[in-house]
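Student: Swiss-Prot feature annotations, pasted as is:
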{"type": "REPEAT", "residues": "64-106", "note": "repeat 'WD 1'"}
{"type": "REPEAT", "residues": "116-155", "note": "repeat 'WD 2'"}
{"type": "REPEAT", "residues": "163-206", "note": "repeat 'WD 3'"}
{"type": "REPEAT", "residues": "208-250", "note": "repeat 'WD 4'"}
{"type": "REPEAT", "residues": "258-298", "note": "repeat 'WD 5'"}
{"type": "REPEAT", "residues": "320-358", "note": "repeat 'WD 6'"}
Amino acid sequence: MSSPLEKPQIIAHVQKPVTYTLFDCKWIPCSAKFVCVGNLARGSGVLQVYEIQQGEAKLLQEAEKPKPIKCGTFGASSLQQRYLATGDFGGNLNIWNLEAPDTPVYSAKGHNEIINCIDGVGGVGIGEGAPEIVTGSRDGTVKVWDPRQKDTPVANMEPAAGETKRDCWTVAFGHAYNEQERLVCAGYDNGDIKLFDLRNMSVRWETNIKNGVCSLEFDRKDIVMNKLVATSLEGKFHVFDMRTQHPSKGFASMSEKAHKSTIWQVRHLPQNRDVFMTSGGAGNLHLWKYEYPAQRSRKDSDDVDMGVAGSVSLLQNVTLSTQPISSMDWSPDKKGLCVCTSFDQTVRVLIVTKLNKL
């Protein structure tokens with residue numbers, strides 16, 4: 001990639017101003033539509049569905065909800081139904097049919113406080129086993145839900161009695177490569193990262209990255225754990241090689257100081273797991289490529305396998321706004337198409353070029 005013209009370019013295709021605070025956006029699988037959720041000025045929540053038509057974003061659906069909606073996922077829904085699961089400021093977990101979004105098809109009082117983050121697995125053709133949703137909240141708990149089971153979570157990871165409750169900011173499923181195996185990774189405001197094994201209900205690994213963990217994502221949910229990216233408050237992100245776990249040192253990792261402000265989100269390209277985008281608090285997006293080391297593991301002095309971290313290279317960066325880009329989502333179907341939202345009350349559809357050349 002010698003000349004600038006050979007590098008991927010990040011092009012703003014559509015910019016759509018809205019009249020509310022945007023918190024999350026998701027592409028609707030197998031469509032040219034996306035959904036946005038957020039907070040109206042009068043304190044209620046809003047859910048909107050847009051479709052890309054002739055270079056414009058056309059509003060198809062809008063529904064107002066009692067509580068502001070913080071996060072959403074299609075990860076536990078079938079490709080036929082494409083139901084959106086959301087978490088709101090009241091601690092409620094709801095699942096919506098976007099064709100008729102007036103009343104939820106599933107509802108549970110999930111948490112005592114705001115649901116900050118949500119993820120799903122077992123739906124949209126990703127991950128083996130039953131569909132499940134995970135939610136993380138300010139109340140310090142991480143809960144796993146089966147949308148076929150009402151009211152009670154199938155797993156509840158909460159601090160032990162006497163432990164301080166930390167604000168859970170981000171959750172991610174991974175390792176769902178067969179019907180038995182499944183992991184949840186959770187990140188907290190004090191820099192803790194915890195990896196929960198749902199098969200034997202234990203903490204498989206934990207670490208601390210010294211700054212609040214804003215976003216976590218495995219490069220793929222439906223394979224044996226490969227890589228995990230964690231982003232943090234001080235403009236730094238960490239990439240953990242999850243293939244080799246050392247008994248005392250854990251997983252090998254590398255870190256990169258990229259943005260000069262909080263890195264709000266990381267999203268891996270669905271069509272290439274070694275390419276990912278980070279979104280920053282100064283309104284910028286950075287596109288990265290992970291390079292594996294020559295050998296991913298080596299023996300330590302006691303002849304025990306330990307991982308070797310790789311490196312990242314910056315492919316492209318662009319500043320879209322003066323406000324934080326709070327969420328972004330790649331299209332699962334069209335390589336290089338993505339949608340992002342910012343606190344400048346604008347949703348943007350972007351096209352990233354030349355990704356097939358990487």
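The backbone N, Cα and C atoms fix where each Cβ goes, and this holds for glycine too.
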Student: Cβ under 8 Å, sequence separation of at least 6 from the ends of the repeat 'WD 3' (163-206): give me the contacting residues as numbers and ranges.
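Tutor: The answer is 75, 116-122, 126-130, 132, 134-142, 144, 155, 157, 212-218, 220-225, 228, 230, 232, 242, 245, 250-251.
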Student: List, by number or range, the same-chain residues at least 6 past the repeat 'WD 4' (208-250) whose CB is under 8 A from its CB atoms?
Tutor: 75, 121, 126-128, 169-177, 183, 185-193, 256-268, 273-274, 276, 278, 280-281, 290, 296-297, 300, 304-310, 312
Student: So which residues does the repeat 'WD 1' (64-106) touch in its own chain, when a touch means Cβ under 8 Å and the partner is 6 or more beyond its ends?
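Tutor: For the repeat 'WD 1' (64-106), the nonlocal Cβ contacts are 21, 23-24, 26, 28-31, 35, 37-40, 43-47, 49, 112-127, 131-133, 135, 137, 139, 145, 147, 150, 173, 221.
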Student: Take the repeat 'WD 5' (258-298) and count its residues per DSSP category (helix H/G/I, strand E/B, coil), listing them in that order.
Tutor: 0 helix, 26 strand, 15 coil
Student: Across the repeat 'WD 6' (320-358), what are the DSSP residue counts per state (helix, strand, coil)?
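Tutor: With helix first, then strand, then coil, the repeat 'WD 6' (320-358) has 3 helix, 19 strand, 17 coil.
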Student: Determine the mean pLDDT over the repeat 'WD 2' (116-155), rounding to the nearest whole number.
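Tutor: Mean pLDDT across the repeat 'WD 2' (116-155) comes out at 95.
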